[in-house]
Each structure stands twice: as C-alpha cells, then as structure tokens.
Amino acid sequence: MSSEVSKQAAARRTFAIISHPDAGKTTLTEKLLLLGGAIRMAGQVKAKGDNRRAHSDWMKIEQARGISVTTSVMTFEYEGATFNLLDTPGHEDFSEDTYRTLTAVDSAIMVIDAAKGIEAQTRKLFEVCRLRDIPIITFVNKMDREGRDVFEILDEVAEALALDTVPMVWPVGGGGTFKGCYDLVKEEMIPFSGEDDYGTPISAPLLGDELPDLIPEDQYETLLEEADLAMDACPKFDLESYREGHLTPVYFGSALKSFGVKQLLDAVLEFAPAPKIQPANPREVKPDDAKVTGFVFKVQANMDPKHRDRIAFMRICSGKFTRGMKLHQIGTGKSMSVHNPIMFFAQNRELAQEAWPGDIIGIPNHGTLRVGDSMTEGEDIRFSGIPSFAPEILQRVRLDDPLKAKHLSKALESLAEEGVTQVFRPVIGAMYIVGVVGQLQLEVLLARIEQEYGINVGFEPAPFVTARWVTSDDEAAMKHFLDRNKGSLADDRDGCPVYMARNHWDMGRIQEDNPKLNFTATRER
Ligand code: G4P
C-alpha cells in the first residue's frame with residue numbers, strides 16, 4: 001500500500017505560476033494545458049473564465065476591471081506524470097489569497113516579461129516562496145518582442161531575488177530577429193519558426209558544423225560569445241541547490257507562440273520536486289505515510305449565490321484518499337465523510353474516486369471548513385505555515401440598518417473564512433473593523449455583503465494604519481500590555497489579540513517600549 005502511495009506521489013508535480021499581471025501567465029497556462037492534452041484549442045482558459053463569471057454576481061467586478069481574482073486548480077497528465085497547476089490571481093490586491101495558494105505547492109514557475117524584468121508583484125510573491133523554500137523555475141517570456149539585454153535580466157533576477165541564475169537555454173536574437181533558443185545542456189538548437197509551435201530541437205554541438213547552418217552567421221558569432229560568457233559567469237545547474245530554493249534554472253520563450261513551453265514543462269517534470277515532507281506539529285508528515293492527511297488552503301463560495309455552500313480546497317499531504325472517507329477536522333473535534341470530493345480539470349469538475357499526495361480535492365461544505373484547517377484520519381496533526389498577513393487598509397464597517405447587526409457579523413465571519421477580508425472586533429467599541437491588503441478587496445467585500453447577504457453597509461476610515469499580532473511567552477507582560485492598551489486592541493476572528501497602530505511611529509514606539517512582546521505582520525494558523 002505504502003509503496004503504491006510512494007509511486008503515485010513520485011509521479012505528481014504540484015506547482016503554481018507566479019508573475020506580474022500581463023507577463024503572460026494566462027497564455028502560458030493555456031499552452032501548458034494544451035501540451036498536457038487537457039484542452040484542445042487555445043482561448044479556452046479565458047473562455048472558461050467568462051463562462052464562470054456569468055454564474056457569479058460578485059465577479060462582475062472582476063469583469064469590469066478585466067482582471068482575474070479567482071484561484072482555481074487544474075490537473076493534467078504529461079509524460080506519465082500528473083500535474084496539478086494551481087492558478088494564482090495576478091492582481092496585487094489579492095496577494096494574500098495567492099500567498100496561501102503557495103503554501104499548497106511544491107514548486108513554482110516565475111514568468112518574467114523580457115521587456116520588463118522583475119516587477120513589484122513578482123518580488124513580493126518571491127518572498128513567500130523564499131519563506132517556504134519553494135523552488136522556482138524562471139521563464140522569460142515574450143522573446144518574440146523587443147526585450148532587454150539577457151545578461152541584464154539574469155543579473156536582475158539574481159540581485160533582486162538573491163538567487164543564483166542558471167540559463168539552461170540561450171536565446172538567439174530577440175524581437176524581430178529572434179531565431180530560437182540554444183539548449184546549453186543538450187547542445188541542441190530549437191529554431192523559432194514564427195508560427196505557433198513548440199519547436200523541434202536539432203542536435204547541434206556549439207562548436208560543430210551544424211549550428212552555423214541553422215542560424216545567420218553574425219548571430220552564431222554572438223551566440224558563441226554570449227554562451228561562453230554565460231557559462232563563465234553563471235554557476236552550473238545543481239539540482240539540490242534548485243530544490244533548496246537557492247538557484248533558479250532560466251528558460252526563454254514565447255508563450256504566445258508556444259515556443260519554449262515544452263522545454264519548460266520538461267524541466268518541471270525532470271527537476272521540480274514531487275510532494276515533499278510537510279512541516280506539522282507534533283511531527284512532520286511524509287507523503288508515503290499510510291494514513292491520509294491534508295490541509296485546507298482556500299475556501300471559495302459556490303458560484304451560485306443562492307446556495308451558501310462552499311468549496312474548501314484541500315491539499316493531500318499523505319496517504320491514499322478514497323471517496324467517502326471519514327476525515328477529522330483537527331482542533332474542532334468534528335469529522336465528516338467526504339462523499340463528494342471534486343477534482344478539477346481544465347474543462348470540467350469530476351467526482352474524485354481517489355486522490356494521492358500532491359493532489360487537490362474540493363470538499364463541498366456549509367462553512368465548517370476553514371483556511372488553515374488540518375484534516376486527518378484521526379491523528380492530532382496540525383500543519384503549520386499558512387499565513388495571515390497584516391492588512392494595509394483598515395476600515396470601520398458602518399451598518400445602515402442596526403437590526404441587521406447579527407446578519408452582518410455572520411456575513412463578515414464567513415467572508416473572513418474565505419479569506420476575502422480579515423475581521424477585527426475592537427476591544428472597545430461596537431463597529432467591526434475590516435482589514436484588507438488592497439482597495440479592490442474592499443470593493444469585492446462591499447458587493448458581496450450586499451448581493452449575497454442583502455445588507456447595506458458602508459466603510460469609513462478607521463483611525464489606524466496598520467495592525468500587528470501580539471504574542472509573548474511572558475504572561476505577565478502580555479496581560480499588562482493588554483490591560484493598558486484597550487483602545488488600540490482588537491481580536492481577530494480566532495480571538496487572537498491584534499494591536500492597531502495610529503501611525504508607523506506609534507508602532508515603532510510600542511515595539512521599543514515592550515521588548516518582551518512579539519509584534520508580527522503575519523500570523524500562522
Ligand atoms: P497575465 O495572465 O500574466 O496577466 O497575462 P496574459 O497571458 O493575459 O498576457 C498578457 C498579454 O501579453 C496578452 O496580450 C497576451 O496575448 C500577451 N502575451 C503573452 N505571452 C506573449 C508572448 O510570448 N509574446 C507576445 N508578443 N505577447 C504575449 P493582450 O493584447 O493584452 O491580450 P489578448 O487580448 O491578446 O488576449
């Protein structure tokens with residue numbers, strides 16, 4: 001049994017694509033799915049998005065803004081392996097959701113626009129990958145357009161992200177003169193035809209006779225020079241170093257033309273780790289442990305607002321899951337038989353008869369399951385490392401109809417469960433405070449409270465600019481602090497104390513004055 005679990009786990013690659021909006025994540029996703037045979041025609045990822053939007057009112061915002069804020073999971077097969085691709089929302093306001101999704105992957109592809117290099121969003125996301133030692137493969141996209149100097153891009157990744165960069169292929173030209181990529185490891189030329197195709201590699205040693213026949217002479221000279229320089233300046237690819245998150249292999253291509261996409265997916269298959277050992281308390285969890293364990297990293301409201309049920313996305317960490325299995329929700333004493341687990345494919349959802357480590361199943365429920373929940377067959381195991389982030393915008397919620405106070409509390413709580421917002425209940429005062437990472441999140445929140453719960457609310461600025469979770473090993477110091485700062489304290493939805501600062505100076509002062517307390521910008525459940 002355990003050996004079957006090991007075998008299945010070893011054949012799984014669970015990964016996400018991180019990028020700045022517009023770098024080409026959607027296009028790349030589509031091309032990966034095409035390669036994996038999960039879709040047949042380009043244009044379906046977006047079509048599916050539009051279709052999905054039609055079912056959900058609150059996603060009108062998404063439509064109006066032309067951005068994608070939902071996370072989905074797509075499973076496909078390629079070369080005998082199962083790939084679980086977790087899509088992350090690209091808009092920076094939804095970074096918290098994205099961060100949580102990253103807790104459920106074993107590796108990531110970082111897409112960079114060749115003309116833009118590292119952008120703000122990529123940098124933030126990377127920090128989370130770093131925090132969790134998620135190995136990254138870099139894809140420099142849009143090589144068919146004029147881009148920046150290749151060495152400059154490699155340097156920027158290396159410097160901005162403190163990562164060794166190892167080019168695995170080297171681009172020949174760029175923009176109008178892009179002739180394809182030279183595979184530095186296999187010594188093959190992959191010509192770019194300009195048409196939409198994955199490119200067929202031709203064996204051609206760098207110093208052999210074939211290569212000069214495949215590309216123009218001046219570009220051959222440049223390739224020789226640059227490849228020489230690159231091999232000198234960059235370290236050699238080292239699998240361990242990549243898997244530990246210190247080194248990123250770099251590929252170049254054009255997602256729009258499918259070019260370079262096959263090399264990229266081959267790299268995920270060959271180098272990216274299969275499901276890893278997961279940190280948990282009181283013991284870590286190995287994928288081939290016989291019993292099923294997993295954790296919920298995302299909860300999404302059903303697309304049909306008339307039905308309040310939710311889908312919890314659970315990553316399986318160990319064991320063989322079978323449909324109907326009884327799982328315990330650790331910490332609550334509740335258990336549930338999972339009769340309708342859902343697997344997500346590009347075009348449809350199917351009931352999962354079985355699932356293995358690395359797989360993501362959707363569990364329909366009525367609000368019982370929450371982000372961060374650990375699920376097991378009975379053993380008390382809690383997965384660590386699913387973060388909540390300090391909100392950057394704090395607003396008071398003004399209720400127009402005071403009779404709806406109870407409804408509002410319920411609405412806020414369930415939206416907080418989904419991770420749409422964070423909710424704080426001030427120790428003094430009755431108005432809830434919601435915390436979000438970006439303005440757009442507030443709009444989504446407002447629309448959903450109105451449309452799904454029929455409550456009219458408004459937001460008004462709270463006199464706070466930031467919030468920090470407060471913890472301490474020193475009980476007396478903690479009690480003293482909590483007693484003396486009631487006006488600036490609130491409880492988060494788990495009842496954990498949060499200090500809300502009026503300005504950044506205040507935050508600094510409070511930290512200095514209370515050396516025995518920890519003030520943290522993230523909280524792990
Ligand atoms: P995102 O999900 O990261 O936000 O990016 P997306 O794939 O939607 O791509 C953003 C834009 O960049 C799209 O153009 C897309 O066609 C283009 N693009 C993606 N990959 C490449 C590439 O390799 N080469 C070139 N030249 N363009 C690329 P758009 O005009 O904004 O959208 P659309 O209307 O064409 O879909």
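Note: Cβ is positioned from N, Cα and C throughout, glycine not excepted.
Record features (TrEMBL):
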type	residues	note
BINDING	19-26, 87-91, 141-144	GTP binding site
DOMAIN	10-276	domain 'Tr-type G'
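According to DSSP, Ser19 (GTP binding site) sits within a strand segment. Cβ neighbour count for Asp22 (GTP binding site): 14 (other Cβ atoms within 10 Å of its Cβ, all protein chains included).
Averaged across the domain 'Tr-type G' (10-276), pLDDT in this predicted model comes to 85.
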